[in-house]
Amino acid sequence: MFLPTGCLLLSVLLFHPALAKVCNDRTKHGQDNSWFARDGENLPIMVLMPMNESALMSSISQGIEPAVQLAIQHIRESRKYSFSLITKIYDTECDNAKGLRAFFDAICYGPKHLMIFGGVCPSVTSIIAESLEGWNLVQLSFAATTPVLADKKKYPNFFRTVPSDNAVNPAVVKFLNYYNWSRVGTLTQDVQRFSEVRNDLTSELEKADIQIADTESFSNDPCVNVKKLKDNDVRIIIGQFDENLASKVFCCAYNLNMFGSKYQWIIPGWYQGKWWEQANTTNCTTKKLLTAMEGYISVDFEPLSARQIKGISGRTPKEYESEYSKELHQKGVEASKFHGFAYDGIWVIAKTLTRVMELLRVKQRQNTYHNFTVDDREVGKMVLDVMNETNFFGVTGQVMFRNGERMGTIKFNQFQEGAEVKVGEYNAIADVLDLINNSIRFQGVEPPKDRTFVRLQRRHINVPLYSILSTITILGMLMAGAFLFFNIKNRNHRLIKMSSPYMNNLIILGGMLSYASIFLFGLDGGFVSDKEFETLCTVRTWILIVGYTTAFGAMFAKTWRVHAIFKNVKMKKKIIKDQKLLIIVGGMLLIDLCILICWQIVDPLKRTVEEYSLEADPQGRDIAIRPFLEHCENTHMTIWLGIVYAYKGLLMLFGCFLAWETRNVSIPALNDSKYIGMSVYNVGIMCIIGAAVSFLTRDQPNVQFCIVALVIIFCSTITLCLVFVPKFITMRTNPDAATQNRRLKFTQNQKKEDSKTSTSVTSVNQANTSRLDGLQTDNHRLRMRITELDKELEEVTMQLQDTPEKTPYIKQNHYPDANNILSIRNFTDGKDGEKSILKNHLEQKPQAQWGSMDPSRINRGPLEDINSPEHIQRRLSLQLPILHHAYLPSIGGVDASCTSPNGSPGSSPRHRHMPPSYRVMVSGLDWIPVWKHGIYKTQQRKSSNLLPVPYPSLWRHVNIIISDFDVL
């Protein structure tokens, strides 16, 4: 109901000064402008305060009145002033409308006031202070601390003896600089008073070059904002909020663990005593609040000076405080924290009026010939000028104004063990911070840090791990060097020569390059500079790619050659020389060089640093560890890696396919084909696994380096061992085997070997499976039939020897069997040479030979006759050609391609792979068979006769001793 009235009064006072002047003229009660000329004059002072006990902030006014009366008494007792101050208190009740009404009544109906003293409530004070210029009055406040009143354009006639809330900001900045805190955060209650302080603090912090990491404002619940401060790593927090929300703030700080040695809270110091008990509306207990509050710094103006020197009143601050306490006790009221500023304010008014009176008297003497008068406007201007020149020491310290603002003393208190303890003060006039020695107690051994100091820590390869893998790598390189020496030294050896020594050298070279790349992968910025690291990125990439291509390309080429020969289904003679394999490896290297050169020119590798999340210090210090890792990257890293992986991947997959296709192939002419295939397969699988795991462990350099190094070591070592260890073992254990002729390996079980050959051919060309199976079956069946007929032929021969009288019968009845044997042989060989040999023997006259027996042998038994040289000669003349022609293909002798069994065995294409002879010594015989002119004949045995015969186990009735047998 008073707000419209207040607004109306304000408009009247501000915009109708003529009405105000009439009101003042009508109520001046006989006073004139000669008040300054008489001594002992009572000068009225308007005092505006909320006096009603029900009014807000009335407790402040009740404690102020004793201080004002004490000041007036001390002024009177000093006898230095020729006037007496009379205070007239007007109750504003901390209400805008009532305050304006009281002010209007004082102007219209009260005495002519020279100055206004008071102004407690910010809203009422700001409204009245805005109208003072129209009334030519100056107001001096002792309790209005709101920063709004510092605007001299809006409130030119307003002064205050109490420092503004903004006055603490320079002190806070000084305190921050003292502890070298250059990074802070603010937490502000969303109220104009606190917002104004924060804005001014922001300006002061910027001037001092102090970073504001985060600025948070809240209305009711501060927990969300407190958490944001923690997330932004704010350690020094400057709060601007009242005591009702302060308990909530510290409750949130307790729950978020934002207290202790790592945090420092700076809050206003004007809270009431034991505020945490009276204003605790949180779910935190008092114990929790006290734990979170421990160590906070409160900043507020100093109510009484700590300097015990006598001021303008002739009393020290302590003496004044004693007298003030007596007055309070007599009147039974509570003390006010602003009583010292009210006391000094009365002294400011007295000194100002004294100085104005002196100036007016001087002007009056200068105008003795004229009737000297002075108006309110001139008096008001003189009061403003004198107020700005005020400078004296009062009970609150040095009293001095700068643009109407009190340059006072700011105190610093610290909350220690449940109570606030003064730890220092700041003198705004001298701009000096004075801290009491050893009074501030921080929770840690040192003041909190203004931020989490981050120490960059390089993630590098552990030296022991690098040493171990480097040692293994050196051993691998020594092994590769030994293999290279072995390969070069024995390059003309048939065993090494058949395995392509040039390609073996490339495999060794590629392995050594791959080994060398391990040393480069273990180096980082801790060993080399940034520029050298970029060079290292390029070098190790080139070495690894070229080394891999050299080794894998050589193995790939050799595997391809085996596959190409194995795929030759038409069984035509196919020669793939090492020159063609070198061209294949050179082509692969050329592709690699093209990719690497384009990569280096278009988008070279650069050193990049990847930082990871903060980690706690292992030693418990108040620092954080931020690991970082150096990488070799470029702008389009994914594209280049995709090109390399695609090319290498396709080549690797094709190599694994060739290795799988030739896994069962064993070609003696290419004596390491099987091991090369195994190497290709193992390298392919390990590279795929290594690349995938290495990509997944990108942020773990030790694991990544270990995996990459082990994959390189494993692939290189396995490849070199599979290629060279079998050769080394063979040459050490069986050196003669290296000089033997080349041959195809067959097992003792021909049927099993034929089945294995059939299986291998089937994997190459499924279309010829049925045809090959049929041929193998016919071949086996015919060989069995030959064996059976050989037995029958032997029985027939024995009967021809034992019963000469049955010769005609045998000649007639068994001649078809001989023809059957020859016909079967003609089926297998396509020739009829044996038939002519058999007819030559049958056309002879056996009756004459067998009938004319030697008389000396008539009495001999059948066994002796069978073993006679004549009988053996006859048997061998029939058996040897047949058996030779039947079994010689099985051991590399005559085959179906021979033109005639009568030809020399060396003329057969397959027989040419045989050694000059099977050296077989026949013992116990006087006559032995000899191959001559295409047929076997007998001759007298010499001391040690050696003749070419088929495999010795084919003769069952001849005592044969094998003296020497070797096959390449």
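Including glycine, each Cβ sits where the backbone N, Cα and C put it.
For reference, TrEMBL has these:
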- 1-20: signal peptide (SIGNAL)
- 465-486: transmembrane segment (TRANSMEM)
- 465-747: domain 'G-protein coupled receptors family 3 profile' (DOMAIN)
- 506-527: transmembrane segment (TRANSMEM)
- 539-560: transmembrane segment (TRANSMEM)
- 581-602: transmembrane segment (TRANSMEM)
- 637-660: transmembrane segment (TRANSMEM)
- 680-696: transmembrane segment (TRANSMEM)
- 702-725: transmembrane segment (TRANSMEM)
- 740-764: region 'Disordered' (REGION)
- 740-749: compositional bias 'Polar residues' (COMPBIAS)
- 772-799: coiled coil (COILED)
Contact between the transmembrane segment (637-660) and the transmembrane segment (539-560) (at least 3 Cβ pairs under 8 Å, separation 6+): yes
For the domain 'G-protein coupled receptors family 3 profile' (465-747), the mean pLDDT of the predicted model: 80
Recorded stretches the transmembrane segment (539-560) and the transmembrane segment (680-696) touching, at least 3 CB pairs under 8 Å: yes
Result, the transmembrane segment (702-725) in contact with the transmembrane segment (465-486) (3+ CB pairs under 8 Å): yes
Intrachain residues whose Cβ lies under 8 Å of the transmembrane segment (702-725), provided they are six or more past its termini: 461-462, 465-466, 469, 472-473, 476, 479-480, 483, 486-487, 499, 504, 507-508, 511, 514-515, 517-518, 521-522, 544, 551, 555, 672, 675-676, 678-679, 682-683, 686-687, 689-690, 693-694
